[in-house]
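Taken from TrEMBL, the feature signal peptide covers 1-25. According to TrEMBL, the active site, charge relay system annotation covers 65, 282, 452. As annotated by TrEMBL, domain 'Peptidase S8/S53' applies to 232-485.
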């Protein structure tokens, strides 16, 4: 068999899968605001009709993320301002422990204004810490008191080294594809179509015969649109190399830039007020979902017209540090946030008690923590995602935590996004997280997929309810969101990551998708009952 055909059949699907899984969504402009609609979204627009002639209170939503472009055109008037601080005077005017924290704080920087961007995954940090103890130790020589740490060393070692090898292999294959296959693809497609040349119109009309031709048709469309070319593949190669050099690099010491003790929660004299940081793409998009200006024909509409965003930069390109997350949660609570959005997560936790205590602190102060379920298509009953829904040492469940899965605009069999984590007792409810169009840095707008997008949908709903119905506690707001969702529990949906069909109520506790209109109606009812 021709070697090109072998490569096409075996390597091309894997390479394109690696590319397209990390690409931003290409979404039909007609459905850019689908998540606010009543047909397949959360009925946000209809909810506002129920709120006419009502004046909401402003609600502060803390965005713990990669940073926010606070100068974005669609976020003007939507950024929290610390009125107790005088900008630029170098003094901690409000005595909250942070100097010139006008819009929040950056926990990934130092006092000289330098910032961490790339960081290791926590599995790599753990491996790097245990490696000096165990790399030259035979299993037969491990002491009983070290057995647990040794097992963790072997587990993390295998994960780090296997992923390094996997990404090296994908890079080699991508380079081979770029150099050997890419130049020949137009001719191969033309041969399959039995034409001399083709354009987008003829390619779309091509009646393919079998999956290989259909795949080539889609590749041809990507070639014509510019979504697949040498530049795109080079970008993918650089991203993968960055994972090897950053995420899975045991020798990287990213925290040296700050110089603090990552295991000492009382060592807090670090950070700066660079709210945007070196890459605020993720955080700006998340913030826009919550609070982007509604009805101005810029990007997608935010959920809550009464929300302002507190930017807490604590999520690098890599895994967040538990210490930063714990301190960011406490900062949010102490400085007036009523909702905290956490569109982050990881498989290993180094300071679980510190994060647990911070979430508990938020709970004690009636602050709601909304957390993304994660994008690994995992059952959270089997696979960990931190911060945890319930820690092993935890006696009672959190009363102020919501864990959110991602839904799509396709309700028949594909309601749960193919990447979304799930769990019958771990995920509370689903919200739109597929093809979500909203703010990007520098006054740009794009669509992204992820539970990272679903979580701020719910944070926005919580802010909306709290602002328009201020007598509600955040625990009551949480329950209203859960009780009022659209019930799909008795429908059969694909398990994320597979084609297996299960009842939707096997994928989350409530078997529901958030509905803002219904939440507003229920909030009115329960507020009346309280009087």
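The count begins at 1 with the first shown residue.
Backbone N, Cα and C define each Cβ position, glycine as well.
Whatever TrEMBL says is automated annotation, not expert-curated.
What TrEMBL annotates, mapped onto the structure for a quick look.
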residue : record                           : Cβ within 10 Å
65      : active site, charge relay system : 29
282     : active site, charge relay system : 23
452     : active site, charge relay system : 28
Distance between residue 452 (active site, charge relay system) and residue 282 (active site, charge relay system) at the Cα atoms, whole Å?
8
Round to the nearest Å and give the CA-to-CA distance linking residue 282 (active site, charge relay system) with residue 65 (active site, charge relay system).
7
